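All remarks here apply to the structure that follows.
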Amino acid sequence: MRDSIYLLWIDNRLVVIIMMVMMVSCRCVLGLENINPIFFDEGLSHLFGEGNLIRSPDDRSVRLLLDKYTGSGFISSSMYQHGFFSSLIKLPGAYTAGIVVAFYTSNGDVFVKDHDELDIEFLGNLEGKPWRFQTNMYGNGSTNRGREERYRLWFDPSKEFHRYSILWTPTKIIFWVDDVPIREILRKEEMNGDYPQKPMSLYATIWDASSWATSGGKFGVDYTFSPFVSEFKDIALDGCNVSDSFPGENNNNNIGNYNNINCSVSDQFLMSNDYSTISPKQATAMRRFRERYMYYSYCYDTIRYSVPPPECVIVTAEKNRFRDTGRLKFGGSHPKVHKARKKRRRNRSTPVVSADL
């Protein structure tokens, strides 16, 4: 965008045409491998943690720090009625027990009693033990009906950047890790208000969750290892920008009129993109991921829900691996692997869940 504005000084008419062609062509091919990142000041704002949010000189990336004084976070400058939210993220290394790094959408600041939320939350661990993460969904303040799933990763998220994405449309929600869809929620009529329906902002935060994040609160944040640094770059926001329909500094007061906004064109664009459709290869990758790396699912937690929530798709092969608590029967974070089978796979260099696109 900045290069385009600069070129306007050369030939106004010609460059406007080029800009329009480029915008159309980029949107047509937009997918997980071709995402349009924004500059921080084009769509994001500082949320909290004075001094602990550090922007890069090129304004394409940002570091969020946690120290003994405060965590930090940023928020999208606008609210969106459906959208695709994505970022390359690198997590802190070494001892990270008690830490949560979150990438999520929410409207809790506007709809205090009936907020919606979609979460990707990374849970820190003791040094030498892997990060874990969870996804969750709340609709219309249904916090007493949490829909969380917990997983491990097939890589070390503190060594290099990986892309994490949330797709939210009128009919489905998909959570992505790189090019692998890890969870799909299809909207059911029986869900009623439990499906997120109100405009949300994008958030990214790092904070002290010593009371629950690691082993149920057994291990907390050790600030002798601080500062803890998480990094976000090539952040993408695509969706129906509701805030633009209510200009002014206090436009959140008018967001309640969101039903009057027509987002059909934006929704159609979202639902026609690559990241809204799970290919057969990606479906296989998702199944493998869930078989090997998911260690808790609310859909199989029959103590919590005697009848699974309506959006749950009960997969017999998955269900047989879980206790009635929703956790794996084997007591670990993944099923045991027979030695012979493990030996055959020892020389594999590609991740078993890669969509191989």
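Heads up, the Cβ atoms here are built off N, Cα and C, so glycines get one too.
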Need one residue: from E121, E231, E291, E318, the one Swiss-Prot lists with Q134, T135, N136, N144, R145, G146, R147, E148, S211, W212, G216, R304 for xyloglucan. E121
10 Å Cβ neighbour count around C312 (disulfide bond)? 16
Across all the protein chains here, work out how many other Cβ atoms are within 10 Å of the Cβ of C299 (disulfide bond). 20
